[in-house]
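K.L.:
First the structure, which I've put down as structure tokens, then a few questions once you've had a look.
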Amino acid sequence: MTHLNAFSSVEHSTVLLHETVDGLALKENGIYIDGTFGRGGHSRLILSKLSANGKLIAIDRDPKAVAEAQKIQDPRFQIEHNTFSEILSICEKRGLVGKIDGILLDLGVSSPQLDDAARGFSFMKDGPLDMRMDDSKGISAAEWLQQVSEQDLAWVLKTFGEERFAKKIAKAIVNYNKSAVQNGSEFLTRTLQLAELIAHTVPFKDKHKHPATRSFQAIRIFINAELDELEKVLQSALTVLAPAGRLSVISFHSLEDRMVKHFMRKQSQGREIPKGLPLREDQIQRNQTLKVIGKAIMPTDAEIAQNPRARSAVLRVAERLN
């Protein structure tokens, strides 16, 4: 059963599309989860490889992504409006714990989210300073910046953006909003306002990287609790995957990739055994839960030339052990 035409329109923009799906080692009758539907590039390719008995559950917290997924009329496909950290409860209500043959995660912000100025993710387009992946929940970036302390903001910029000018930028943002209160002027509410403030605050040395890049990343990660969500889904994957089930994860910045790499490595090594114990190798129960499959995969030069956003992508794959 093929659906090649269904995904051809998004194939060009989905990073490491075939490599990520290949990492799942698809079984045509298997049960799979696409934890980040986005605009459906991975989901449509997975469906094209499944038989009539296969199943795919997609998850996305973005209402626009869910609306896109609802256009897929396929009895093998279901969409969940949720965060992927809830993967365990999603499987529990379907009786699928320990029965999932593969989980795919394409982390970070999607191209449609970046390209839509109204979402507030981009420092290149003017829009409301929102940055929520699900704009029906939580507070916007603008609202948070109006109430955060200089110290806490600096911590977020440093921790989630690895921004070396974190203190300087935090001071400028907090002072801007304080003066808005005193003068009765407008708070930071627009993306370009924030981007320009940062550009005027720090040295602009790297021609290829906007000075607001790291700050926007840090604020977005914090607003959406992205690293907390990632930690939860990785742990839950161990419970919901079937033996030999695959976990295929694309990350786009070093914080995500370090978390994924460390998790897979730790689970593949199992628990440490103190040196000097009088045990034979066959007596040692290390309790490894994953096997790392191959080395990390990066996009080719050709893919990066076609889609510059692929530049920082890293794909890692692991397999659930019995």
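Count begins at 1; order follows the chain as displayed.
Quick reminder: no glycine exception, Cβ is built from N, Cα and C everywhere.
What Swiss-Prot shows for this protein is this:
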BINDING   G40, G41, H42, D60, F84, D106, Q113  S-adenosyl-L-methionine binding site
K.L.:
For D106 (S-adenosyl-L-methionine binding site), just count the other CB atoms lying within 10 A of its CB, please.
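P.N.:
Around the Cβ of D106 (S-adenosyl-L-methionine binding site), 24 other Cβ atoms lie within 10 Å.
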K.L.:
Tell me the Cβ neighbour count for G40 (S-adenosyl-L-methionine binding site), meaning other Cβ atoms within 10 Å of its Cβ, over all protein chains shown.
P.N.:
25
K.L.:
Would you find the one among the binding-site residues H42, D60 whose Cβ has the most company, meaning other Cβ atoms within 10 Å?
P.N.:
H42
K.L.:
How big is the S-adenosyl-L-methionine site in terms of the longest C-alpha to C-alpha distance among G40, G41, H42, D60, F84, D106, Q113, in angstrom?
P.N.:
17
K.L.:
According to DSSP, collapsed to three classes, what secondary structure does D60 (S-adenosyl-L-methionine binding site) have?
P.N.:
strand
K.L.:
By a simple count of other Cβ atoms within 10 Å, which of G41, Q113, the binding-site residues in the record, is least packed?
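P.N.:
Each of the binding-site residues G41, Q113 was scored; lowest Cβ tally within 10 Å is Q113.
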K.L.:
Using all protein chains in view, find how many other C-beta atoms are within 10 Å of the C-beta of F84 (S-adenosyl-L-methionine binding site).
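P.N.:
Looking across every protein chain shown, the total is 26.
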K.L.:
Tell me whether G40 (S-adenosyl-L-methionine binding site) sits in a helix, a strand or coil according to DSSP.
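P.N.:
Note: G40 (S-adenosyl-L-methionine binding site) is coil by DSSP, not helix or strand.
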